[in-house]
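Below is one structure, written out as structure tokens, with a few remarks after it.
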Amino acid sequence: SGSCTTKTCWTMLPNFRSVGDVLKEKYERTLQVEPVKAKRTRRPTFLKVKDSENYRKPRLSHLVFLHRSPNYCEFDENNGSMGTVGRRCNRTSTSTDSCDLMCCGRGYNTHQYTKIWQCNCKF
């Protein structure tokens, strides 16, 4: 008989939300590390958790960083950050332009503007 069987295998990515949740959880538990030069010349440099007394190495599953990020809320000429003081924000937004996020907990002033323009309406 001339029958044939076909098998198809595929790999699916997990739900995008679950990937984001795992990354956020890892981000909230990051470890600061520092490079340590091995004492023996044949051994490579490795990373240890900073401020750990017993040269504890991070696990492969940990998210690590070498230097703390600058505070982008404040003006810092050395890092090229203009800060967020004086920037326009959206009080009702829940996105990156929200006042709660952009003002870094300092509070904000509200201003109301009226704009008048010709609309070239035809009746």
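The backbone N, Cα and C atoms fix where each Cβ goes, glycine too.
Here Cys89 (disulfide bond) comes close to Asp97, Ser98, Cys99, Leu101, Met102, Cys103, Tyr108: these same-chain residues lie at least six apart in sequence, with C-beta atoms under 8 angstroms from its C-beta. Reduced to three states, the DSSP call for Cys89 (disulfide bond) is coil. Taken from Swiss-Prot, the feature disulfide bond applies to Cys89-Cys104.
The Cβ neighbour count for Asn79 (N-linked glycosylation site), using a 10 Å radius over every protein chain in view, is 11. The N-linked glycosylation site annotation in Swiss-Prot covers Asn79 (among others) and is backed by sequence analysis.
For Asn90 (among others), the entry in Swiss-Prot reads N-linked glycosylation site, with the evidence type sequence analysis. Counting Cβ atoms from all protein chains shown, Asn90 (N-linked glycosylation site) has 14 others lying within 10 Å of its own Cβ.
Annotated O-palmitoleoyl serine per Swiss-Prot: Ser1, in sequence order.
In three-state terms derived from DSSP, Cys104 (disulfide bond) belongs to neither a helical nor a strand segment and is classed as coil. A simple way to gauge crowding: the CB of Cys104 (disulfide bond) has 14 other CB atoms within 10 angstroms, across all the protein chains here.
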